[in-house]
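Asks: Input: one structure, supplied below.
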Amino acid sequence: MAEGLEVALTDLQSSWNNVQHHTDEISSSRLLVRRGQAFNITLYSRNRAFQPGLDNIIFVTETEDAVYLESEPQRQEYVMNDYGFIYQGNKNWIRPCPWNYGQFEENIIDICLELLDKSLNFQIDPATDCALRGSPVYISRVVSAMINSNDDNGVLNGNWGENYSDGTNPTEWMGSVAILKQWHATGCQPVRYGQCWVFAAVTCTVMRCLGIPTRVITNFNSGHDTDGNLIIDEYYDNTGRILENKKKDSVWNFHVWNECWMARNDLPPGFGGWQVLDATPQETSNGLYCCGPASVRAIKEGEVDLNYDTAFAFSMVNADCMAWLVFGGKEQKLHQDTSTVGNFISTKSIQSDERDDITENYKYREGSLQERQVFLKALQKLKAGRSPGSLRTESQPRSVPLSDSPRSLATPSLQPSDVVQVSLKFQLLDSPDMGQDIRFVLLALNMSPQFKDLRVNLSAQSLLHDGSPLLPFWQDTAFITLSPEEAKTYPCKITYSQYSQYLSTDKLIRISALGEEKNSPEKILVKKIITLAYPSIVINVLGAAIVNQPLSIQVVFSNPLSEQVEDCVLTVEGSGLFRRQQRVLIGVLKPHHRASLTLETIPFKSGQRQIQANLRSNKFKDIKGYTNVYIGL
């Protein structure tokens, strides 16, 4: 009988396999292979040659690829691309924020695996956790919980206040690599601080690094419905000022989450594909602060009872807004708006710097019969999952009659003009640039055949990113008389000196007008959110960019304010160009001063890359810029 074959050496052919599996940017010395794709290894025997028919070598592998994307351009964008854009601003002014995902940078794969090992699931039952790691549904829930630190030593602490003195203001970040490396270097202590776009960007890095196609999604006017009744209540006083919401319902100026591509064998057929994953700690899911994966198709079809957290995701894009006037201890319903929440849902285009609007993936056309049918179906499913009478909480104003349930098929959205036949609207006269006065007009239109005498209370207040209002810093009162079918404009100006000291780092100003007609109890509410803009940093690449050859990069920046700013720091990074963030202390910048500096680097990876830059000071935190550069071999 022939002696058994003794294996002396195993050659994993890491360098060759990694190129074939598109993991060579991570490493060429350790084997990193992707699901569902063949790879080669060579076995060297110690005692004799392999004899076909006599010797058998059996490998046990699982090759099903539950995250397979058929489109090669999509694979390049959603798995391989290590930079992108996160859309911010407001629905009337959408701007791209450059971001360095850096999923192939040094040590990131090990940090991502460490993140899985630090999860509560692994700490409680390591064997079961590891056995389930082949499931993208399971992995996505673990990552969603671990990116925030609410239940564990996750990657990021959230902070939606105004004090970031013991950490980094979320607006200053422009890449995931620095965050993940800081988390690892400090013994897995949460990094301070993050907000929704930072949570989503780091999630994108981790999921792409683990081979799961992922993209970053921005929803403008995003609902946060805390009690699951699909109504966001907003309260105003008689000056038009928005009040702190006692229910903690809110409409975020924008909210950012992820979509991950995967099969959903745990759901009925047809609900695989893109899934919502939200690592921002808003509400708990099965006891942990995580959200998803929720099928995007299930959200569109109102199937809010499907796993996971589909009802909450549905409310973010579909909730109604109810406006209330609080006066004299009473609450008066102003109007109900069915179209405010869920606008211009955006993501970066495939292999392009353009923005894709994917709102139609989440909802049928606003106001269409299909959209209203889906809303009512979702509402009925939510009611069926609750005990009778629990849909509205005690904090819901008692003055709402039963017939005022969210939109019906027969009743269009109730707007103020339906009642008083007068329309109010704000219009900006100039681009709202930081450091400049804000000029705008209030347009008043009488659509009736009668004269109208209006008293309009106007106010302006800063908002935090999550919609929380700060105290008003500007107020005015306008008296407007309108002839039948007449239109008038009332000019307004908020000077820089009036808003500068009250502005939060989110740079959001909400202007409101509450109008009332003489001898009429009806009220008209109009509001507008203004996002103040900074001039961008300009980045110039000087000469040809070649791997392992010195490269000069010029960065041009300026102080946009009419006052001196101090403690200026310029930060520059870019995967494949800089091995770590470059931080340059600038110090003082005089009013409207323009400056430039030149950085030297040696690119170490070829292909299309992006350079990101951020300038902060004691007066502003996030003047940003970027440029794309192709690095040749």
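Heads up, the Cβ atoms here are built off N, Cα and C, so glycines get one too.
Keep in mind the model is a prediction, meaning the values are calculated, not measured.
Heads up, here are the entries from TrEMBL:
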type     : residues                       : note
DOMAIN   : 188-281                        : domain 'Transglutaminase-like'
ACT_SITE : CYS196                         : active site
ACT_SITE : HIS255                         : active site
ACT_SITE : ASP278                         : active site
BINDING  : ASN318, ASP320, GLU366, GLU371 : Ca(2+) binding site
REGION   : 386-414                        : region 'Disordered'
COMPBIAS : 405-414                        : compositional bias 'Polar residues'
Asks: Do you know offhand how many angstrom separate ASN318 (Ca(2+) binding site) and CYS196 (active site) by C-alpha?
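Replies: So the alpha carbons of ASN318 (Ca(2+) binding site) and CYS196 (active site) sit roughly 19 Å from each other.
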Asks: Looking at the recorded positions ASP278, ASP320, GLU371, which one has the fewest other Cβ atoms within 10 Å of its own Cβ?
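Replies: Counting other Cβ atoms within 10 Å of each of the recorded positions ASP278, ASP320, GLU371 gives the minimum at GLU371.
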Asks: Spatial neighbours of ASP278 (active site) among the binding-site residues ASP320, GLU366, GLU371, defined as Cα within 10 A: which are they?
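Replies: So the list is empty; none.
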Asks: Let me know how many other Cβ atoms fall within 10 Å of the Cβ of ASN318 (Ca(2+) binding site).
Replies: 26
Asks: Write down the Cα-Cα distance for HIS255 (active site) and GLU371 (Ca(2+) binding site), rounded and given in Å.
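Replies: Checking the Cα atoms of GLU371 (Ca(2+) binding site) and HIS255 (active site) gives a distance of 22 Å.
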Asks: How many other Cβ atoms sit within 10 Å of the Cβ of GLU366 (Ca(2+) binding site)?
Replies: 16
Asks: If I take the alpha carbons of ASP320 (Ca(2+) binding site) and HIS255 (active site), what is the distance between them in whole Å?
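Replies: Answer for this pair: 17 Å between alpha carbons.
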Asks: Measuring Cα to Cα, tell me the gap between HIS255 (active site) and CYS196 (active site) in whole angstrom.
Replies: 6
Asks: If you count Cβ atoms within 10 Å of the Cβ of CYS196 (active site), leaving out that atom itself, what do you get?
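Replies: Result for CYS196 (active site): 27 neighbouring Cβ atoms inside 10 Å.
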Asks: Compute the C-alpha separation of CYS196 (active site) from GLU366 (Ca(2+) binding site), stating it in Å without decimals.
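Replies: If we compare the Cα positions of CYS196 (active site) and GLU366 (Ca(2+) binding site), the gap is 25 Å.
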